[in-house]
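Structure, as structure tokens:
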Amino acid sequence: MSTAVSAAEVSETFDEKKIVLIWSLTVWLVVMNTTMFNIALPYVLIDLTLTSATAAWIVSGYSIVFAIATLTYSRLSDFIPISRLLLIGLSLLGIASIIGFFSNQFSLLLLSRVLQAAGAGAVPGLAMVLASRYIPLARRGKAMAYISSAASLGFGLGPVIGGIITQYLGWNYLFAVTGLVFVVMPIFIKLLPKEVVSVGKFDLVGATLTGLCVTGFLLFLTSFSVFLLIVTVILGGLWWRHIHKLDKPFIRPILLKNKQYTKLLYVGFITFVLHFSALFLMPIMLTVLFRQEPSAVGMIIFPGAILSALGAQFIGRFIDRFGNVPVIAFGQILFVVATILFAITATKSPMFILFTYMFMSVGFSALTSSLSNEYSRILPKEDIGSGIGLAQLIQFFGGAFGVTMTGILLTLQEGLIQEVAYRNVFVVFIVLIISSFSVFSLYSWKRKR
């Protein structure tokens, strides 16, 4: 059952412009929270004496929990008020930021990042729910455009602000930035519509099993423990059996039987694998190979991120004019070019990294926008919400997998010359994007039949 009250009941109290503005600001903080920390990773690695594979868990753990949390909040909003869920999320994010500010051990840092993700997932997870529930269709696109622009701005400014803070104050002070959510909480309490709690069911077992399966698999990759692999396979079997028993499981199995949809899921998965891996690897390369300061690292990544933000509006127009498939193909071509250039030139100069990331960043923007539209086009109306939610889940799992994989590849090559080790990682990226392009070509061929 929905908690929503009618549009007429909220028309007098719902200040749409203020809500969209403050929500956009919060999205900016949440996205920046992710990109800021990538710049600091080389220094966290040194300060806490971590291997690349271990440090990767700071990003992977965040991505796993963020993915689960995003879908969880949107599902819970069917029977729990948006305002209550958002305040729970922002409270978790704020408390975790305080813990992170004082953390000086890996376990405490990882805990703070995981708690941050559990809270941060409320912001994107509930944004679409709020828009579809209370903003008229005629103005909904404009509202979501503001929120998307804030996310793009977060991707662009995150590396710069993160680099400056890390260099001059230390990486612990990055948590002070996200602590600003305490400032916006009273505003949300005042502006959000008042809803009532309704009776509903949430598949907590399914959500827990999903998270355990993914975490177990990533832990297996970092440890190669046969015991962990066996446990993960057993959990996977329990998960598969569980989602077939419920009417409204955490993940609807019917979606996984749609072959065209699963092809797109693979494309989205690889997109996030490569982009998150690049965001993890670039600061390490710039710090280790070229001795760049954190602020300089941020400025090198900044042009690509801003170009992506500026190009978002043009990509939207291309999608409206030419459809999703040409834009997906265009995005993948940019990824192919970027991975090849990274493999050939990234170890030669920071300027090559700056130039090459522009291709990848614009390609990422093109792929995420067009894939979301294509999901909604091919799925039945009743499956669109669940389908897009599952796609977001798979994509962020892809980000977690990519960072973990990159950390493992670097750790396995510790005996090699650093330039060779980084180049080998990018060769793996080339293989992955070619596999993705092949799957998409099959999707496009089936679509025309």
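Keep in mind that glycine also has a Cβ here, set from the backbone N, Cα and C atoms.
Just so it is clear, the model here is predicted, and its values are computed rather than measured.
Copied over from TrEMBL, here are the features:
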- 19-448: domain 'Major facilitator superfamily (MFS) profile' (DOMAIN)
- 20-46: transmembrane segment (TRANSMEM)
- 52-73: transmembrane segment (TRANSMEM)
- 85-102: transmembrane segment (TRANSMEM)
- 114-131: transmembrane segment (TRANSMEM)
- 143-165: transmembrane segment (TRANSMEM)
- 171-192: transmembrane segment (TRANSMEM)
- 204-220: transmembrane segment (TRANSMEM)
- 226-243: transmembrane segment (TRANSMEM)
- 296-315: transmembrane segment (TRANSMEM)
- 327-346: transmembrane segment (TRANSMEM)
- 352-372: transmembrane segment (TRANSMEM)
- 393-413: transmembrane segment (TRANSMEM)
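Note: the stretches the transmembrane segment (143-165) and the transmembrane segment (20-46) are in contact (3+ CB pairs below 8 A, sequence gap of 6 or more).
Just going by CB pairs under 8 A, the stretch in 20-46, 52-73, 352-372, 393-413 that sits most against the transmembrane segment (296-315) is 352-372.
Sequence-remote contacts of a segment are chain residues at least 6 beyond its ends whose Cβ falls under 8 Å from one of its Cβ atoms, and for the transmembrane segment (20-46) they are 52, 55, 58-59, 62, 90, 93, 109, 113, 116, 120, 123-124, 127, 130, 135, 143, 146-147, 149-151, 153-155, 157-159, 161-163, 165-166, 171, 174, 177-178, 180-181, 184, 187-188, 191, 279-280, 282-284, 287-288, 294, 297-298, 301, 305. Most Cβ pairs under 8 A with the transmembrane segment (52-73) among the ranges 114-131, 226-243, 327-346, 352-372 are made by 114-131.
No contact links the transmembrane segment (204-220) to the transmembrane segment (114-131), because fewer than 3 Cβ pairs that are 6 or more residues apart lie under 8 A. Residues 203, 205-206, 209-210, 212-213, 216-217, 219-220, 249-253 of the same chain lie 6+ residues outside the transmembrane segment (226-243) yet bring a C-beta within less than 8 angstroms of a C-beta in it. A Cβ distance under 8 Å defines the sequence-distant neighbours of the transmembrane segment (114-131), meaning residues of its chain 6+ beyond its ends; these are 19, 23, 26-27, 30, 33, 61-74, 77, 82, 85-86, 88-97, 99-100, 140, 143-144, 147, 151, 178, 392. Proximity of distant same-chain residues to the transmembrane segment (327-346), defined by a Cβ-Cβ separation under 8 Å and at least 6 residues beyond the stretch ends, is recorded for 267, 271, 274, 278, 285, 315, 318-319, 352-353, 355-357, 359-360, 362-367, 369-371, 374, 422-423, 426-427, 429-430, 433-434, 436-437, 440, 444. Here the transmembrane segment (171-192) has Cβ contacts under 8 Å with residues 14-15, 18-19, 22, 25-26, 29-30, 32-33, 36-37, 40, 43-44, 47, 82-83, 86-87, 90-91, 93-94, 96-103, 112, 116, 161-162, 165 of the same chain, all six or more residues outside its ends.
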